[in-house]
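*Asks:* Annotations per TrEMBL:
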DOMAIN    107-181  domain 'Cation-transporting P-type ATPase N-terminal'
TRANSMEM  164-181  transmembrane segment
TRANSMEM  193-212  transmembrane segment
TRANSMEM  348-368  transmembrane segment
TRANSMEM  397-423  transmembrane segment
TRANSMEM  815-833  transmembrane segment
TRANSMEM  839-858  transmembrane segment
TRANSMEM  952-971  transmembrane segment
TRANSMEM  983-1005  transmembrane segment
Amino acid sequence: MRDFKGSDYSSLLLNLTTTSLNKAQRRWRIAYAAIYSVRAMLSLVKDIVPGRIDPKASDASFSLSYTPLESGDVANINSMPLSYVPAIDQERLVEIMKIKDLPGIRALGGVEGVAASLRTNTTKGIHGNVQEVSRRRDLFGSNTYHKPPPKGLLFFVYEAFKDTTILILLACATLSLGFGIKENGIKEGWYEGGSIFVAVFLVIVVSALSNFRQERQFDKLSKISNNIKVEVLRDSRRQHISIFDVVVGDVVFLKIGDQIPADGLFLDGHSLQVDESSMTGESDHLEVDHKDNPFLFSGTKIVDGFAQMLVVSVGMSTTWGQTMSSINQDSGDRTPLQVRLDTLTSTIGKLGLTVAALVLGVLLVRYFTGNTQKNGKREYNGSKTPADTVVNSVVRIVAAAVTIVVVAIPEGLPLAVTLTLAYSMKRMMSDQAMVRKLSACETMGSATVICTDKTGTLTLNEMKVTKFWLGQESIHEDSTKMISSDVLDLLYQGTGLNTTGSVCVSDSGPTPEFSGSPTEKALLSWSVLNLGMDMDSVKQKHHVLRVETFNSEKKRSGVLVRRKSDSTVHVHWKGAAEMVLAMCSHYYTSTGSVDSMNSAAKNIIQAIIQGMAASSLRCIAFAHKVSSNESGLEEDGLILMGIVGLKDPCRPGVSKAVETCKLAGVTIKMITGDNVFTAKAIAFECGILDHNDKDEEEEAVVEGVQFRNYTEEERMQKVDRIRVMARSSPSDKLLMVKCLRLKGHVVAVTGDGTNDAPALKEADVGLSMGIQGTEVAKESSDIVILDDNFTSVATVLKWGRCVYNNIQKFIQFQLTVNVAALVINFIAAISAGEVPLTAVQLLWVNLIMDTLGALALATERPTNELLKRKPVGRTEALITNVMWRNLLVQSLYQIAVLLILQFKGMSIFNVRKEVKDTLIFNTFVLCQVFNEFNAREMEKKNVFRGIHRNRLFIGIIAITILLQVIMVEFLKKFADTVRLNGWQWGTCIAIASLSWPIGFFTKFIPVSETPFLSYFKNPRSLFKGSRSSSLNKP
């Protein structure tokens, strides 16, 4: 039996408190503790070290064995791998993390002691097999949060019942049902009241199902957007896993822009700064290190440096998880366009209410003055008329007036927006774009400028070193052996130590695996495969003292190292070639000699850099200096070691996508951190700059510092002409976005870095990159481009215009129905004292036109013609002159026809009143069916083009006609209709079909450029003036 230190018994006693063990396991552990309690006490008295446990002693806990106690239960414990048994009280650890108890961590043996207790090898990670990961998840929980359950269907049914109009209709239906049954018996008296109930029920169900579907859509999108990838160390290999698969004991790699996936402790890293504003509200960045503050919390973000973190709590055990459990997130925010449509709906509703009040007043006056008849007799005969009959008649009149309000209010508008956006979001996902904010769909259709990154968006972001210059000498692949061993050793240091990437020897073949950013992977690959670097050997021979991570302002990264063999201290810088060159006073040659960097030599090297940049190569320079200062990295008097040129080819299809955007009237501006020569070369290759516009090239290409130093007036004058901004910082990008928006542009911006977040938020539409984008960038954006491809940005533009266009189509269609129904009922009520369209019939029209019409027009796919129009921008009215022309002509035609049928229908067709009323109802519905085809194209005369591809539209039209036939022919008492013969059906269809030729010839009528409502002072602010504000972000 081997001796144990006191610390081993501490771990054992801690094990006894672990709640995950079963009773049998606890009994055997208590027995084991009792047997060795005397030795434990003696060991504790002799060896206790206050405040800290020797980390070496914790190694014994790995080999802790229960073999001496041989029995059945002990055998079971032995059969379970020790790495699965937590040697620490998890609840205590969670509490330590919550209050940042540094002495508590030290009492557990420091971070290394905690890692040992969690059975984590800090250099190799945990075992990645399914059993180990699953066991850790069982013991410590999964990395998921308990969210409030999504709203169910009944919730939305309840919400629909809150609508005032629906409540009034239900009250009318109840009264009508009661009086109807009393007057005509239950067999026939329920028809009118019951039919209103059924119609209201259908409206509620359709509305509730639509909102329920939208809620589920949001829930699905939320799960996708939250499923970020995390880099962990398992079985000595760095691998990317889902954030939901992170378990306690994992070693997680963190870099600038990452969101911390769980609560953990700092293991190793440099210059780590964390933004804890999401947790504490403090805007100051917090420095995290091994000694004074090793605490890292889930949900916070890395703003500088890099690190490895030991995960100690996940999911609901984290501080963020406990906070999230008390938050009820609501994703049902209304978009700016929906708010505008609500305003439009409200205004039309008020108009409908006014008309309904007039109709109500006229009908009541006519009734009580004895001017209405029923079955050839006066309905009201003063005191002779029973009270029940009076109340029943009044209820019928009120129901008719309320129904006018129902028809006047275009409830289909919000529904159309919901359907359009839900459909578009689903389709856009398959087109590599995930919409995070609904308003982005609408706003993207109005975009006038797209500011895009170069790397990874316009290019493939697959770097490869294709050129290497050592001093003034070009080194080819086959001549690398000629490089001096001293220079080669320094290049090994510069690439192997000044990097955030890593090299892993592959089990599957001789070629190692490289991880890190595309630039880091390219440099490491070149250094290992071409120069013969052994990265493990380089790391073992040197000790890293300080690290300065890559900064988008300085555009370089540095490292201070001590060589173990002679204790010399070396400074290494790597970064943008012209930036590093400015820090150098000498340069190496291939023989190892050092030459002075005089002006002639500097000019030659600058020409080399410009030549590589003009060939679309990214230029990275390496510089070195032996230093005596261990406190910081010197930035002058360096020796240039070499310059490499990395090729990042343009993505296939980018040139065509840029050309498409240009034809759509959208200006493309490239904002990149690369030098001006590389930026211009890529811009010409992508088509952002035109070889024919050499005269404008000077104004079209600027550097960030140049743009920054302009006066405000100069910036506003020149910003429209700028096409490329090179050597730009994130603040330059933000400045450009602000200038463009001040000039009235609707701006879309692509970004992938943490520092792009301000520009992404400032822009009207922020587009982040799904692959290379940091979590901060994604969180600040409205749409995530899943494949980082500019072609997808052009697709998003097309979808945005499609959404806006589909909503306009439905508005035109819906308002035609509303105007016609209002005018017909109003004129008939005033003149004849009755309304030709009953409550049930109007509710039926409301249902099929709002719901089925919205579904039919909202699901039109985008066409390339959409990208041949000018962008809407901020100024164009929501209801255009073209829409006014179309809807007014169709409304006037329907009003004329139906009023003729109302007043002359009986004599023209020689039919009784019931048949005439049915003809009016049938013709009105069929007019909307035919007009639905007209609404497919607002300006083009051929409304049938591409209809065979939209099977849903054809299906909805067929369903609408079928339901109308059933309504007229089979639901006679329910709908207050009578059966029509074939000739009468043919007449209805013929009258309705005239909508097509009328629509065709209407499109020959020219429209004015001046918005129609600008002639009316007050309504202008509703339809046009709100356009600008609607596109601003809330």
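Along the chain as shown, the residues are counted starting at 1.
Cβ atoms here come from the backbone N, Cα and C positions, even for glycine.
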*Asks:* So what's the mean pLDDT when you look at the domain 'Cation-transporting P-type ATPase N-terminal' (107-181)?
*Replies:* 81
*Asks:* Give residue numbers and ranges for long-range contacts of the transmembrane segment (952-971): same chain, 6 or more residues beyond its ends, CB-CB under 8 A.
*Replies:* 844, 848, 852-853, 855-857, 859-860, 918, 921-922, 925-926, 929, 932-933, 936, 977, 979-980
*Asks:* Residues of the same chain, at least six outside the transmembrane segment (348-368), with any C-beta under 8 angstroms of its C-beta?
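*Replies:* Same-chain residues near the transmembrane segment (348-368) but 6 or more away: 379-380, 393-394, 397-398, 400-402, 404-405, 407-410, 815, 818, 822, 825-826, 829-830, 833-835.
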*Asks:* Counting by DSSP, what is the helix, strand and coil composition of the domain 'Cation-transporting P-type ATPase N-terminal' (107-181)?
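*Replies:* Computed counts for the domain 'Cation-transporting P-type ATPase N-terminal' (107-181) are 47 helix, 3 strand, 25 coil.
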